[in-house]
């Protein structure tokens, strides 16, 4: 009777492998559909931290991140001009 209560280690291993495969397949499908946009790196909302402006600043974008419909946080384009480097003494 006690043997029926113990889960087979093979069953647990199979379930873990199946879960990992499902997550990998669904993630690659989302990326292949062009959903990811580097200008819109996150989500936004009242309870989301950091806010869009803070997230964009942390990722190296200029200040002024905004929340577009669908709760997607988007950033302003980075300047492609020369970077001001302060002189060292």
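Each residue, glycine too, has its Cβ placed from N, Cα and C.
Per Swiss-Prot, signal peptide is recorded for 1-30. Per Swiss-Prot, the feature disulfide bond maps to 40-75, 44-67, 52-73, 56-74.
A 10 Å cutoff on Cβ-Cβ distances gives residue 52 (disulfide bond) a total of 24 other Cβ atoms nearby, all chains included. The shortest Cα-Cα distance from residue 40 (disulfide bond) to any of the disulfide-bonded residues (52, 56, 67, 74) is found for 74. Among the disulfide-bonded residues 56, 67, 75, the residue whose Cβ has the fewest other Cβ atoms within 10 Å is 67. Taking Cβ-Cβ distances under 8 Å and a sequence gap of 6 or more within the same chain, the neighbours of residue 73 (disulfide bond) are 40, 41, 42, 43, 44, 48, 52, 55, 56, 65, 66, 67. The Cβ of residue 74 (disulfide bond) has 18 other Cβ atoms within 10 Å, all protein chains considered.
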